[in-house]
Amino acid sequence: MKLIILEHYSQASEWAAKYIRNRIIQFNPGPEKYFTLGLPTGSTPLGCYKKLIEYYKNGDLSFKYVKTFNMDEYVGLPRDHPESYHSFMWNNFFKHIDIHPENTHILDGNAVDLQAECDAFEEKIKAAGGIELFVGGIGPDGHIAFNEPGSSLVSRTRVKTLAMDTILANARFFDGELTKVPTMALTVGVGTVMDAREVMILITGAHKAFALYKAIEEGVNHMWTVSAFQQHPRTVFVCDEDATLELKVKTVKYFKGLMLVHNKLVDPLYSIKEKETEKSQSSKKPYSD
């Protein structure tokens, strides 16, 4: 398990975006080998998405051979509703990059048979070869996706009734009116995310400091579902200073002492543009023994 501590939200977002960029470039995806990426919604990943869009526009990264699977979606909201997660992803990320629409997978909260939709989503993940990197965020109560306190730590994609704390937290997106907030959602399970070959969890802000403490310094507990990722062989927690306020000083000092090593994970790699330039130049070289 790695804990990456950056001073500010913007730095944490950039580190996370660089990590995703490097993983995609290292994977070297193509028509016969797609990179599969799990993605969250919410305010936390917005900075990361903006940096990824920047890398694409600069010619440093392509999403042409990337398949995405989103964590969750509300039940009952039309796809084009401004607060649906489908709208969120397209407005904040997908429409700004070169990903093919058929390669984006978001649960349908208006499906006739909701559990069948969840089962089909699991099958699509399997058919894609599993998730290479699942990126997630958490709530102040440590929930990941809509796996709220008390959720099974081996759960799969399913229909979930939302806790009142979540409904209250989400009311700000629905004009502050609780009656407008969906009370159910479709969500990947903790087990679904745990199956990914790698997991990166973004945690920023003082209001999530206690959740980070539960995830890092205490044991695995289904009342804090994020704690399950202590047991994943390749988990990276990325946070800002504010999120570390509940951690012990020696814990923060220990992980900060590893940053010289961890920062090598986001060292610049060849961009798409640089690869094409190198290939073009090598093709012009005269033949020699």
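Note that Cβ sites are derived from N, Cα and C of the backbone, with glycine treated the same way.
Keep in mind that this is a model prediction, so the values were computed, not measured.
Database features, via Swiss-Prot:
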type: MOD_RES; residues: K64; note: N6-acetyllysine
type: ACT_SITE; residues: D72; note: active site, proton acceptor
type: ACT_SITE; residues: D141; note: active site, for ring-opening step
type: ACT_SITE; residues: H143; note: active site, proton acceptor
type: ACT_SITE; residues: E148; note: active site, for ring-opening step
type: MOD_RES; residues: T161; note: phosphothreonine
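Within 10 Å of D141 (active site, for ring-opening step), as judged by C-alpha distances, no recorded positions are found among K64, D72, T161. The recorded positions recorded for this entry are K64, D72, T161, and the Cα of T161 lies nearest to that of E148 (active site, for ring-opening step). DSSP assigns H143 (active site, proton acceptor) to coil, not to a helix or a strand. The distance from the Cα of D72 (active site, proton acceptor) to the Cα of T161 (phosphothreonine) comes to 12 Å. E148 (active site, for ring-opening step) falls within neither a helix nor a strand when secondary structure is assigned with DSSP, and so counts as coil. The two recorded residues, H143 (active site, proton acceptor) and the residue listed as 'N6-acetyllysine', show a Cα separation of 31 Å. Comparing the recorded positions K64, H143 on other C-beta atoms within 10 angstroms of each C-beta gives the minimum for K64.
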